[in-house]
Amino acid sequence: MTDYSKTVNLLESPFPMRGNLAKREPAWLKSWYEQKRYQKLREIAKGRPKFILHDGPPYANGDIHIGHAVNKILKDIIIRSKTQAGFDAPYVPGWDCHGLPIEVMVEKLHGKDMPKARFRELCREYAAEQIARQKKDFIRLGVLGDWDHPYLTMDFKTEADTVRMLGEIYKSGYLYRGAKPVQFCLDCGSSLAEAEVEYKDKVSPAIDVAYPFKDTAALAAAFGLAGIEGKAFAVIWTTTPWTLPASQAVSVGADVVYQLIDTPKGKLVLAKDLAEDALKRYGFSDGIAILAETTGDKLENLHMNHPFLERDIPMLNGDHVTTDAGTGLVHTAPAHGLEDYAVCNKYGIELYNPVNAEGRYIGETPRVAGMRVWEANPVILQWLEETGNLLASSKIEHSYAHCWRHKTPLIYRATGQWFVGMDKAGADGKTLRDKAIKAVDDTEFFPSWGRARLEAMIEGRPDWVVSRQRYWGTPMTFFVHKETGELHPNSAELLEKVALKIEEKGIEAWFSLDKSELLSAEDCENYDKLSDTMDVWFDSGSTHYSVVKQREELEWPADLYLEGSDQHRGWFQSSMLTGCASSMGRAPYKQLLTHGFVVDGEGKKMSKSIGNVVAPQEVYNEFGADILRLWAASTDYSGELAISKEILKRVTESYRRIRNTLSFLFANLSDFNPIEDAVQQADMVEIDRYALVLARRLQERLAGDYYPRYAFHFAVKEMVSFCSEDLGAFYLDILKDRLYTTKADSRARRSAQTALYHITRSLVLLIAPILCFTGEEAWDIIGGGEEDSVLFHTWHEFPTINEKTEAELVKKWTAIREAREAVTAAIEPLRADKTVGSSLQAEAEITAPEEMAGYLNALGEELRFAMLVSKAEVKVGSELAVAAKASDGEKCERCWHYTRDVGAVAGYETVCKRCAENVGGEGETRHYA
C-alpha cells in the first residue's frame with residue numbers, strides 16, 4: 001500500500017515555534033556587538049536625511065526600574081522604525097551625573113569628613129559605577145545605541161559646555177542675582193527647582209489672628225463712618241504660624257467687599273463672603289452688628305500693629321487675595337512667599353528674613369531664637385494667646401510642598417540666589433516667558449494635550465533658581481564684586497577661559513583655581529570666586545547644546561524629546577528655557593512625546609512596601625526582553641501603563657500568534673528561491689494577489705501612519721489581527737491544500753510561495769522595531785544571513801498593481817470572505833453535534849445576492865477550496881444564507897477532501913482523481929484559490 005504522506009510538501013520550519021527568548025537573547029546581543037552592528041548601520045545610513053531623538057538622561061543612581069525600561073524601549077522602537085523608513089537615526093544615550101542624591105550616597109559610604117576635592121572624586125567614581133550597571137540593563141533590553149560613547153553630564157567636555165551655556169544666558173541678559181523666596185529644603189540645605197518638588201497631604205495648624213489698627217479714625221473714614229469707639233482689628237487666617245515673626249504687611253483684595261463688624265472682641269474687619277463662617281469659628285453668635293461695608297481699595301495704606309512684635313504693619317492691595325477660604329485678609333511675609341514678595345516689592349517694602357539655612361530663627365527674634373520653624377508653631381500660638389490676638393485655632397489637612405528626595409515639608413525662604421528671569425527683558429528686548437510660550441506653539445506634541453500642559457506651566461512658573469549650595473555639580477564660574485555683588489565686567493571672556501580649563505581637568509579646575517591665574521592683582525582684591533553650583537536641571541537642560549550641537553553625528557535642533565509626563569515640569573521645560581534664553585532663541589526640539597507612569601495590574605502605584613513592584617530584570621529573565629518590548633508597544637502609553645504577570649502572559653499569547661505565523665511561513669518557504677522560483681504577479685493565483693494587497697496595505701498603515709505618529713499600540717493590534725484574521729483564519733487556512741498537495745514546483749504552489757515570500761519579508765520588517773530579537777532571528781533566514789541585519793534594509797517593496805484592478809480584486813474577495821464566514825458559521829452546529837469533525841467533511845449550498853453569487857460562481861471548481869469544504873454550490877437569492885450538511889463522498893487519504901472520485905484512477909485506489917494527477921500526472925492548475 002502506497003504511503004502518500006511522502007508525496008505531500010510538509011517541510012520543517014527553520015524558525016522554531018518556541019522562542020526560548022530569555023535564554024537566547026544574550027547570545028544574540030553578544031554576536032551583534034562583536035559584528036559592530038551599530039557602527040555598520042552608521043556607515044550604511046550615511047548621507048540619508050537625519051532623524052535625531054535626543055536622550056533625556058536618567059539619573060546615575062540605583063538599578064533601572066520598569067519606568068526606565070518603558071522609556072528606553074519606546075525610544076528604541078522609534079530609532080529602529082525611523083532607520084527602516086530611510087533615515088539616518090543615530091542614538092547617543094546619556095546620564096545625569098551631578099547632584100544631591102549622589103552626594104548623599106557618597107556620604108553614607110565614606111562619611112563627610114574629607115577634603116572637598118576627594119569628595120567630588122568619590123562622587124565621580126560612584127556615578128561611573130552606577131552607569132555601568134544601568135548600561136548593562138539597557139543593552140539587555142535590546143536598545144540600540146552608541147553605548148561605547150554615551151554622553152555623561154560629568155564628562156569634562158560636557159561640564160565645560162554647560163559653563164558655556166551659562167555664558168550664553170548671561171550674555172542674553174536673563175541672569176540676575178536676587179534675594180527672593182524660593183522652595184527650600186531644610187534637609188538638603190538648599191533651594192529646590194520646581195521639578196524637585198512634590199505635593200503630599202500635611203496636617204497644619206489653621207489660626208485666625210487679630211492685628212490691632214493703629215488709627216481707628218482713618219479706619220472709620222475708609223468705611224464712611226464718622227468715628228469708631230473702642231479697639232478695631234484686621235483678622236488674618238494662616239496655616240503657617242511660624243511665618244508670623246516675618247510678617248511685614250496685611251494684603252486685601254482691591255475689589256473685595258469688606259465688612260466692619262461689632263463683636264465681643266471689638267470691631268473686626270472681615271471679607272463679606274467669609275464673615276459668617278469666620279464669626280462661627282470665633283464662637284460669636286450674640287452681640288454682633290454689621291456697622292459698614294467698603295472695598296479693599298479704600299483700606300489701602302491703613303496701618304496696624306504686629307500681633308506680638310513691635311512692628312508697623314501696613315495694609316496693601318494684592319492681586320493674590322481671594323475669598324475662597326479664611327478671612328479675605330492675608331498676612332504678608334515677603335521672605336516666605338512669592339506672592340507676598342511680589343506685593344511688598346511693588347510697595348517698596350524691604351524684605352526681612354528671620355530664618356537661616358538650617359531653618360532656625362536668628363538671634364534677634366524674641367522667644368523663638370535658635371528654634372527650628374516647625375518647633376516654633378506652639379510657642380507662637382501661646383504668644384498670641386497671651387497678647388489676646390488669637391481668635392481661633394484648629395487643624396487642617398491640605399496639599400503641601402515636599403522635597404522629592406527627603407519626603408519632608410519645604411518652606412519658602414528668601415536666600416541670595418542666581419535666577420534666570422522669566423519676565424526680565426533680555427538683550428533682544430523680549431522676555432523669556434514670551435519666547436518660551438511662542439516656542440510651545442512651534443512644537444508638535446504627542447499626545448496633543450501636552451501642549452496646554454506645558455504652556456500653562458510656563459505661563460505660571462516663577463523665575464528659575466539656577467544656583468545651588470552643593471559640592472558635586474557644575475560650578476557657576478563667576479567672579480563677584482565683594483561690595484557691590486556685581487559680576488566682573490569681563491565675565492563672558494572669563495567664562496570661556498574657565499571652560500577651556502574644565503575641558504582639561506573637569507570641574508575641579510574651577511574649585512582649585514587660584515584667582516590670580518585669571519584676574520589682575522587689583523581684581524583679586526575686589527572680587528570673590530563664586531562657590532555655588534548649578535541646578536542639575538541646568539546640566540541636563542543644556543545637553544542640547546553640550547551634546548546635540550557638539551557631536552558630529554547629531555543635528556540641532558533635535559527632532560524629538562521623549563520622556564515621562566513629569567518632565568513637562570522637568571527636562572522638557574529646562575531644555576526649552578535654555579534653548580530660548582541662549583543665542584539659539586528657540587526650543588531645542590521639534591516634537592515632544594510624553595508617556596505615562598507604570599502601575600500594577602489593578603492600577604495602583606508601584607511600591608516596595610506594598611510588594612507590587614515589577615522589575616524589568618525579572619521580566620526579561622523569565623519571559624525575554626521581546627515580551628517586555630511587546631508589552632510596552634501594545635499599551636497606550638498616553639495614559640498609565642499597567643503591568644503584572646497576568647498581563648505579561650496575555651502579551652505572550654500575542655507574541656505566540658506572531659511567532660507561530662512566522663514559523664508556518666518559513667516552513668513553506670524552505671524550498672523556495674525567490675530568484676529562480678518567483679512567479680510574476682500577472683501569472684499568480686488570484687487569492688495570492690489579494691493576499692499581497694492585504695499585506696501591502698498593512699505595511700502602508702504601519703510604516704506610513706502608526707510608526708510615524710508613534711501609535712505603536714495600533715501597530716501591534718493590526719499586526720496580531722493580520723496574523724490571526726487575514727492570514728491564520730483565512731488566507732493560510734485556504735492555502736494549506738495548495739501548498740501541501742500540488743506539485744512542489746508547480747505554478748500553483750510557486751505562486752503561493754511568491755506571495756508568502758513578500759508577506760514574510762514585509763512582516764519581519766514590520767515587527768523588527770518592536771520585536772528586535774525575533775526580527776533579527778527571522779531576518780537571518782529570509783535576509784542576507786548572519787552578518788546582515790534587518791536594520792540594514794528599508795520597508796519592503798511590493799509588486800505594483802493597477803489601482804482599478806486592486807479595487808475590483810478587494811471588492812470581490814471581501815465578498816468571498818463574507819460568504820466563507822457564513823459557511824463556517826453554518827458548519828459549527830454540525831461540528832458541535834459531531835456530525836462532522838473537519839469542515840472538509842461538509843458540503844455547503846450558498847444562497848447569495850446576485851453580485852456576490854457572481855463572484856462565487858466565477859471561482860468554478862475552486863470555490864470549494866475557498867470555502868474549505870469538499871463541495872460548494874451557489875444559487876441566487878435576496879440575502880446571504882448557507883445550508884450545510886455532511887458530505888456523502890469518500891475521504892481522500894492524501895488531501896482529506898471527501899469526494900465521489902476516490903479510487904477512480906487505476907493504481908490510486910485510496911486517493912481522489914485530483915491527487916492522482918498531482919502525484920503521477922502533470923499536476924492540477926489553479927487560477928483563483
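Note that Cβ sites are derived from N, Cα and C of the backbone, with glycine treated the same way.
Given the structure is predicted, the values throughout are model-derived calculations rather than measurements.
Of the listed segments 3-13, 36-46, 58-68, 718-728, Swiss-Prot assigns motif ''HIGH' region' to 58-68. Swiss-Prot assigns the feature motif ''KMSKS' region' to residues 605-609, out of the candidate ranges 200-204, 430-434, 605-609.
Per-residue pLDDT, averaged over the motif ''KMSKS' region' (605-609), rounds to 85. Counted over every protein chain shown, other Cβ atoms within 10 Å are most numerous around Cys915 among the binding-site residues Cys895, Cys915.
If you take the C-beta of Glu563 (L-isoleucyl-5'-AMP binding site) and look for same-chain residues 6 or more apart in sequence within under 8 angstroms, you find Gly56, Asn71, Gly570, Trp571, Phe572, Leu593, Thr594, His595.
For the binding-site residues shown (Cys892, Cys912), fewest C-beta neighbours within 10 angstroms: Cys892. Neighbouring residues of the recorded Zn(2+) site, listed in sequence order and excluding Cys892, Cys895, Cys912, Cys915, comprise Thr741, Glu893, Arg894, Trp896, His897, Thr899, Val902, Val911, Lys913, Arg914, Ala916 (Cβ within 8 Å of the Cβ centroid). The Cβ of Lys608 (ATP binding site) has 7 other Cβ atoms within 10 Å, all protein chains considered.
The secondary structure of Cys915 (Zn(2+) binding site), as reduced to three states from DSSP, is helical.
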